[in-house]
Amino acid sequence: MSHNLPDRLVRTVQTLLACTMLLGSYAGAAEKLAHVTILATGGTIAGSGASSTTTVGYTAATVGVDTLIKAVPELSKVAQVKGEQVFQIASENMTNEHWLTLAKRVNTLLAQPDVDGIVITHGTDTLEETAYFLDLTVKSRKPVVVVGAMRPGTALSADGPINLYNAVLLAASKEAVGKGVLVALNDQIHSARDVSKTNTSTPDSFKTPELGLLGYIQGSKPYFYRASTRKHTADTEFDVSRLASLPQVDIVYGYANVGPVALNALVAAGAKGIIHAGVGDGSLAATVKTALVAARKQGVVIVRASRVGQGILARNGEANDDELDFVAADTLSAQKARILLMLALTRTSDTKAIQQMFYTY
Ligand code: DGL
């Protein structure tokens, strides 16, 4: 620098140079951050209540994705984020058509080189189902993280902002690559296949009781301790790209004094598959068993699941599945067995092949 310039000018130029280098380094660092797209579908994470103490009785699906992103400026420290409002619904209204639209959008985005991961914000009521549907239909190893909240953003200690921040940093992480679709709430990382909503209203509602969570998010970093042993995402045989609809599969529930009325009505309405969420290890009440056998004779595929929530539904345990030509759900809940059977029926109606899918996914 020339020595005959006034000191003040020299110092100004030096400061400007330092700022330019700092900004350049920030821009460079920002550019190095992964590109994560947030697909918003509604739910409590996008909900609002009448007061800060309203944690039940609020309205879900009222806040748009741009507002959700603006409410968490820290997102820009962990990823380059874009948002899309795919739907704006309470998730009890999620349908097969919504799932097909969402899966196709996810696959289109993940095929783009400028998208490194995806976060889906979702109501918690059917979050585990959407996550598992995507676990079977996403055709990429890039991270896909489904996130929700148990309290609306207007509530004291709302969990949505931190859950969204954690989900984005997880979707931006190298550690999440190839792990299948993940569910991240309450600082925990769960597999889409095994997680379920276990409490109607508390922030720790999502659990994987016996098979266990995959890891934690702590101090803006994901820590994995396990991985699923079942095939998922790019390794499944299911391709929804050309599907306009899914086969109708319904669930009937077992309980004391149950009769065949509900089952017969669903079969008469055209169900192609029935999941029987039985008591215990999938036991069949005599009257219902008769109706299931009749449904099987009409070509309806029957899967025996359990209502209890944990454990292996053993083939040929409480019923002779070989003789009845039924399928055993293994460790899938009834609501997840329905998803796998729907996708299986897009490929085959052979019950031996379908049983193998329940041992594979
Ligand atoms: N209506 C419920 C839903 O959209 C609200 C529950 C929630 O999102 O936590 O799933």
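Cβ coordinates are placed from backbone N, Cα and C, and glycine is handled just like the others.
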Recorded substrate site member, picked from S76, S91, S173, that accompanies T124, D125 in TrEMBL: S91
Residues within 8 Å of the S91, T124, D125 Cβ centre (excluding the substrate site residues themselves): G43, T44, A60, A90, E92, M94, H122, G123, T126, L127, G148, K197
Whole-number Å value for how far T124 (substrate binding site) lies from T44 (active site, O-isoaspartyl threonine intermediate) (Cα to Cα): 7
Composition by DSSP (helix, strand, coil) of residues within the domain 'Asparaginase/glutaminase C-terminal' (248-358): 43 helix, 23 strand, 45 coil
Cβ neighbours within the same chain of T124 (substrate binding site) - under 8 Å, at least six residues apart: G43, T44, S91, G148, A149, M150, L185, K197, S205, F206
DSSP three-state assignment for S91 (substrate binding site): helix
Surrounding CB atoms that lie within 10 Å of the CB of T44 (active site, O-isoaspartyl threonine intermediate), all protein chains: 31
Spatial neighbours, same chain, of D125 (substrate binding site) - Cβ under 8 Å, 6+ residues apart: G43, A90, S91, E92, K197
